[in-house]
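Undergrad: Before I ask anything, here is the structure I am working with.
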Amino acid sequence: MTLWFVFALMTVAAIFAVLWPLGRAGRAQGQDTENQGSEVAVYKDQLAEIERDLAAGLIAAPEAEAARIEIGRRLLAAADSQPALDGRASLKWRRAAAVLALVGLPLVAILVYVPLGSPRLHDFPLAQRDRAPGMQQSLENMVVQVEQHLEKNPTDGRGWNVLAPVLERLGRYDDAVRAYRNSLTYNGESAERRSDLGEALLAAAGGVVTADAKAEFERAHALDAQEPKANYFLGLAAEQDGRKDDAAAIWRGVLAKAPPDAPWRALVQSSLARVGGGSAAPALSDDTIAAAKDMSEGDRGAMIRGMVDRLANRLKQNGDDVDGWLRLVRAYVVMGERDKARGALSDAREAVANDAERLRQLNEGLKNLGLDG
Amino acid sequence: MTRKQRRMTIIGGSLAVLALAAALVLNALRDSIVFFSTPTMVAEKHIAPGKRFRLGGLVQPGSLQRGDNLAVTFEVADGSAKLPVAYKGILPDLFREGQGVVAEGALDASGVFKADTVLAKHDETYMPKDVADALKKQGHWKDDYGAKGNATPAATTAQGNPQGAVR
Amino acid sequence: MIAESGHYALVLALALALIQSFVPLIGAWLRDPALMNVARSTALAQMLFVGASFVALVALHVTSDFSVANVYENSHSMKPLIYKITGVWGNHEGSMLLWVSILALFGGLVAAFGNNLPLSLRAHVLAVQAWVASAFYLFILITSNPFLRIANPPIEGRDLNPVLQDIGLAVHPPMLYLGYVGFSISFSFAIAALIEGRIDAAWARWVRPWTLVAWIFLTLGIAMGSYWAYYELGWGGWWFWDPVENASLMPWLAGTALLHSALVMEKRNALKVWTILLSILTFSLSLLGTFLVRSGVLTSVHAFASDPTRGVFILLILCVFIGGSLSLYAARVSSLKQGGLFAPISREGALVLNNLFLTTACATVLVGTLYPLGLEVLTGEKISVGAPFFNLTFGPLFVPLLIAVPFGPMLAWKRGDLLGAAQRLLAAGIVALLALALVWAWAHGGSALAPPAIALAVFVILGSVTDLVERVGLFRAPFGTAMRRARGLPRSVWGTAFAHAGLGIALIGIVCETTWNSEYIGTMKPDDVAHVAGYELKLDGLFQRQGPNFREMIARFEVGRDGESLSVMTPSKRSFTTRGSSTTEAALLTRGASQLYISLGDVTNEGAIAVRIYHKPLVLLIWWGPVLMAFGGLLSLSDRRLRVGAPKPARAQPRLQPAE
């Protein structure tokens with residue numbers, strides 16, 4: 001409401017600016033025209049200036065005389081041609097102008113403003129918003145907050161550790177690279193971080209193992225020769241360089257050392273199949289997908305189990321995700337592992353115990369799964 | 001002098017100055033303008049060694065090598081061709097592998113582009129105009145270019161699975 | 001509420017401008033003072049409303065209201081307050097709002113201080129001003145509205161570009177705009193004169209102070225922009241003949257010509273037709289500059305073609321105003337009365353020469369700026385026209401102009417005595433030749449053109465001094481008399497002398513910097529010593545420092561000369577961790593008018609750092625020159641002659657004029 005009041009006030013002020021001279025003219029007109037400058041005044045002043053210059057000895061007498069004549073001529077001409085102002089005010093036109101101001105001006109203002117403006121939106125200065133309750137916190141906003149925190153405290157290694165994978169998942173690969181770099185700086189070296197950095201570099205380059213990325217994997221390998229991720233990508237680098245045999249050798253090594261339930265076995269196997277099969281095409285995407293399709297039943301099961309394990313791991317770190325817990329429980333049920341399902345259930349209860357709202361959601365979800373109790 | 005003569009003097013003088021200016025401009029346009037090329041265009045046109053031109057493209061990732069005393073070499077690529085560039089001096093702050101670059105200089109006898117100026121006048125989301133245009137023309141442009149410096153558009157997306165799986 | 005009020009204020013300004021566009025014209029036609037005076041109050045109201053709108057946008061940026069799209073895209077809550085404010089005009093929408101604010105400011109100033117103008121002239125001028133304003137209000141509201149909102153405001157803004165966080169970048173655009181847009185007043189005066197069909201000496205007197213104000217700001221704006229590029233970009237270059245720079249140089253050249261031709265018109269009632277044309281051309285070039293910078297044509301012709309709304313809108317404004325004003329000019333020019341006569345050798349003749357060379361030089365810059373664009377549009381071929389082109393065209397045209405500069409003020413109006421002027425300049429000429437010989441003997445290396453150029457600059461400077469000396473009769477009259485005369489000299493004479501001397505000073509700086517600039521580029525390890533132009537720079541070491549939102553690597557150099565320690569220089573490289581970008585902060589050490597300049601490169605694997613060290617002899621003169629020119633302009637502006645016109649109250653008249 002205040003806004004419309006302000007608008008009205010402004011409009012009135014604008015209308016007043018147009019009406020003021022129209023209304024005032026009647027009274028002050030004589031004085032107005034008298035005060036107004038004219039060419040005559042300028043030429044008179046030029047004449048005075050010549051006198052001053054002459055007195056100061058800046059110009060010679062004959063020059064001054066010539067200039068005086070010239071300006072005198074202009075003065076006469078100007079005095080002749082000076083238009084006499086009409087005393088007779090054209091009331092008709094003044095009324096038209098007044099109507100224009102009273103009707104036209106608000107009309108134009110409204111016609112232009114209404115399609116462009118958003119009068120119903122309030123201001124949102126930052127200071128006010130921090131206090132605003134119930135604001136939906138999207139993932140992006142949370143990331144922004146963490147970034148802000150890190151901007152002020154760039155030495156917070158843990159922060160970078162948390163931020164980096166999130167950025168990568170959001171597709172902000174370049175930022176992820178930076179975050180991993182900072183994480184390395186402030187948390188110290190580790191094979192895992194090096195290979196994470198390499199992976200982000202590779203993602204940023206659109207899937208190509210660049211020299212930078214390769215250097216990171218090599219460093220990771222040097223730190224821990226068993227680091228499976230580094231080894232896998234070193235194999236990929238070899239493949240992209242066209243050294244298929246090397247790639248196959250590396251991957252075979254990875255598989256040999258891999259624990260039997262490692263979730264990534266399937267991937268390495270399919271990659272191995274790709275190069276081992278001697279297929280000439282270096283293309284990646286189609287072949288990988290095809291490999292996944294042709295996977296044996298057991299391999300596919302391993303892949304699913306891998307996914308489930310990752311979910312479980314994530315929830316261990318961050319237990320707030322009710323949907324995640326529900327998915328996990330359901331997954332265990334589907335896989336027939338009721339013990340694990342029950343374990344997950346109690347874990348979930350513990351994780352959300354402090355939050356009545358989430359607990360309610362969880363219980364409802366469980367009811368829907370038919371797993372009450 | 002009559003009024004007419006005076007006027008002719010002034011008009012004559014103006015024409016003389018204009019003619020001088022026109023001559024200067026034409027002369028300068030012949031000698032001192034610099035053409036813009038991408039590596040592909042260089043390969044197609046066979047630009048003679050010693051002729052100055054501007055080379056634009058993306059810095060080939062992994063090609064940057066620093067030598068002694070600020071000498072650097074790198075490759076400029078535009079998707080279908082590459083050209084080695086040699087430069088001595090300090091590279092601009094925004095020079096990065098995989099990012100756009102414009103270098104001015106000439107080819108030497110061995111086909112290496114000797115640059116005397118390297119421009120990387122852009123931030124993360126901006127490409128030098130010439131480079132962007134040239135890449136667009138060759139179909140290597142992606143709208144999200146600013147978001148990720150993507151040098152080789154050949155193999156993308158495939159890594160979606162491995163990333164997730166290994167983690 | 002702030003956002004919407006600001007938006008609405010802008011809309012009201014448009015409505016007022018529309019009324020101001022034609023009500024005063026009707027008033028002038030009917031000779032009704034009340035209707036004509038509508039121009040005045042609406043111009044003032046317009047100024048207030050646009051001002052309010054601009055203040056609103058500033059407030060939104062300061063409070064980081066990200067529900068406004070413009071703030072979200074161009075600000076960030078972490079920016080220091082000063083850069084939140086300057087960020088307002090660091091983007092397209094905000095800078096256009098600043099543009100119209102300044103336009104309205106000038107309109108308001110004419111309304112407030114234009115009491116010395118005939119009523120109908122003022123009505124016409126303000127009406128024309130309102131045409132320009134209406135066009136740009138529409139442009140802003142339709143294509144570049146800074147007040148558009150986001151319904152679900154994001155929590156954080158997008159821009160925190162460290163390169164843009166610099167005080168030089170913050171200050172120089174408003175200066176430039178004050179210059180650019182200031183020329184709109186001379187444009188409006190020209191159009192008003194054409195509409196009225198009456199142009200005479202008084203017109204020039206009225207228009208000159210406005211032109212002078214615009215010229216002063218433009219001069220300072222260009223100089224400031226150049227200095228910013230010099231210290232911030234880290235290459236030590238100060239002028240790149242970049243299209244954006246050319247866009248500001250062209251109105252400056254045309255505006256300088258306009259200042260001089262308006263002088264002829266004021267004194268001698270001659271060159272009227274030409275002066276009107278120049279007024280139109282100067283503002284047209286300002287509009288062209290706005291178009292080039294704002295439409296995105298420079299970034300990419302293709303970008304322009306793919307998002308044409310803005311570009312086409314400005315192009316339309318450009319065509320309407322330039323085409324319209326030139327057509328009006330063509331239609332009316334024959335009816336203008338011929339002015340006073342003068343011989344080719346005369347003050348007028350010298351000023352014509354000045355105009356000739358300035359406009360021709362301006363035309364070559366125009367060709368150099370537009371040729372690549374035209375060629376690309378027509379043939380698709382990409383070329384760049386850089387410094388060599390302009391050195392070959394602009395340079396030779398400026399030489400005769402500079403030679404003529406000292407002669408101009410020496411010649412009398414109407415018919416001058418070239419020989420007499422030459423005799424009076426003899427001393428200056430001899431000293432200039434001496435300077436040439438000295439520089440030739442002393443300088444080693446560098447272009448053979450440098451000594452003559454220095455001599456020319458010396459000639460220009462001494463020429464302006466000679467003019468002053470001649471006028472006050474120093475050496476001829478007793479010293480006391482001369483001093484008294486010097487005090488009695490009109491300030492515009494002093495202004496002329498300062499401005500011309502500034503030209504010579506800038507030239508010395510330019511020549512010295514380009515010719516005898518010495519540089520050292522290499523890698524240095526701690527305790528290494530670099531020798532540049534007689535200075536020893538020892539790298540003490542590299543230090544790390546944690547700034548508010550960046551980490552800084554500082555290199556500490558100890559500067560000495562002949563074994564004597566002088567000072568310490570600390571160039572640095574800042575890396576902004578979160579954004580992963582870095583900026584180079586050059587270190588400058590001023591010695592007299594010369595400067596040492598260090599900027600850092602990357603650290604090599606062996607722990608050495610790449611450095612660029614320049615010694616730039618007399619480089620500061622490049623900017624002192626324009627400052628002196630602007631000061632000269634200011635002196636001229638304060639001359640009482642330019643304030644003339646308003647009838648003084650009767651009681652003040654008979655008093656003796658104090659010597660000013």
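Positions of Cβ are set from backbone N, Cα and C atoms, glycine also.
So TrEMBL lists these for the protein:
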DOMAIN    C:89-295  domain 'Cytochrome c assembly protein'
DOMAIN    C:315-640  domain 'Cytochrome c-type biogenesis protein CcmF C-terminal'
TRANSMEM  C:6-30  transmembrane segment
TRANSMEM  C:96-113  transmembrane segment
TRANSMEM  C:175-195  transmembrane segment
TRANSMEM  C:207-229  transmembrane segment
TRANSMEM  C:249-266  transmembrane segment
TRANSMEM  C:273-292  transmembrane segment
TRANSMEM  C:312-331  transmembrane segment
TRANSMEM  C:352-373  transmembrane segment
TRANSMEM  C:393-413  transmembrane segment
TRANSMEM  C:449-469  transmembrane segment
TRANSMEM  C:493-516  transmembrane segment
TRANSMEM  C:621-638  transmembrane segment
Undergrad: Within the same chain, where does the transmembrane segment (C:449-469) have neighbours whose Cβ lies under 8 angstroms from its own Cβ atoms, ignoring anything closer than 6 residues to its ends? I mean 6 or more beyond.
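TA: Same-chain contacts beyond the ends: 399, 402-403, 405-407, 409-410, 424-425, 427-429, 431-433, 435-436, 439-440, 443, 475, 486, 489, 493-494, 496-498, 500-501, 503-505, 507-508, 511-512, 515-516.
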Undergrad: Excluding the flanking five residues on each side, which residues at least 6 beyond the ends of the transmembrane segment (C:393-413) place their CB within less than 8 Å of a CB in that stretch?
TA: 267-268, 342, 345-351, 353-354, 357-358, 360-361, 364-365, 368, 420-422, 424-425, 428, 456-457, 459-460, 462-464, 466-467, 470, 493, 496-497, 500, 503-504, 507
Undergrad: Averaged across the domain 'Cytochrome c assembly protein' (C:89-295), what pLDDT does the model get? Just tell me the whole number, please.
TA: 89
Undergrad: Near the transmembrane segment (C:493-516), which residues from the same chain, at least 6 beyond its ends, have a CB less than 8 A from one of its CBs?
TA: 238, 402, 405-406, 409, 443, 445-447, 450, 453-454, 456-461, 463-465, 467-468, 471, 593, 616-637, 639
Undergrad: In terms of Cβ proximity under 8 Å, which residues at least six beyond the ends of the transmembrane segment (C:6-30) contact it?
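TA: For the transmembrane segment (C:6-30), the sequence-distant neighbours (Cβ-Cβ under 8 Å, at least 6 residues beyond its ends) are 36-39, 42-43, 45-46, 49-50, 52-57, 60, 97, 100, 104, 120, 123-124, 126-127, 129-131, 133-134, 137-138, 140-141, 145, 147, 195-196.
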Undergrad: Sort out the residues at least 6 away from either end of the transmembrane segment (C:207-229), same chain, that have Cβ-Cβ distances under 8 Å to it, and list them.
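TA: Tertiary neighbours of the transmembrane segment (C:207-229) are 106, 110, 166, 168-169, 171-173, 175-183, 185-186, 189-190, 237-240, 245, 248-249, 251-252, 255-256, 258-259, 262-263, 266, 279, 622-623, 626-627, 629-630, 633-634, 636-637, 642-643.
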Undergrad: Grab the same-chain neighbours of the transmembrane segment (C:96-113) for me: Cβ-Cβ under 8 Å, and only residues 6 or more beyond its ends, written as numbers and ranges.
TA: 10, 13, 39-41, 43-44, 46-51, 53-54, 57, 88-89, 122, 125-126, 129-130, 132-133, 136-137, 139-140, 144, 146, 173-174, 177-178, 180-182, 184-185, 210, 290, 294
Undergrad: Quickly jot the same-chain residues contacting the transmembrane segment (C:249-266) by Cβ under 8 Å, restricted to those at least six beyond its ends, or write none.
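TA: Sequence-remote neighbours of the transmembrane segment (C:249-266) are 179-180, 183, 186, 201, 203-205, 207-208, 211-212, 214-215, 218-219, 222, 272, 274-275, 278-279, 281-283, 285-286, 288-289, 339, 347-348, 351-352, 354-355, 358-359, 361-362, 365-366, 369.
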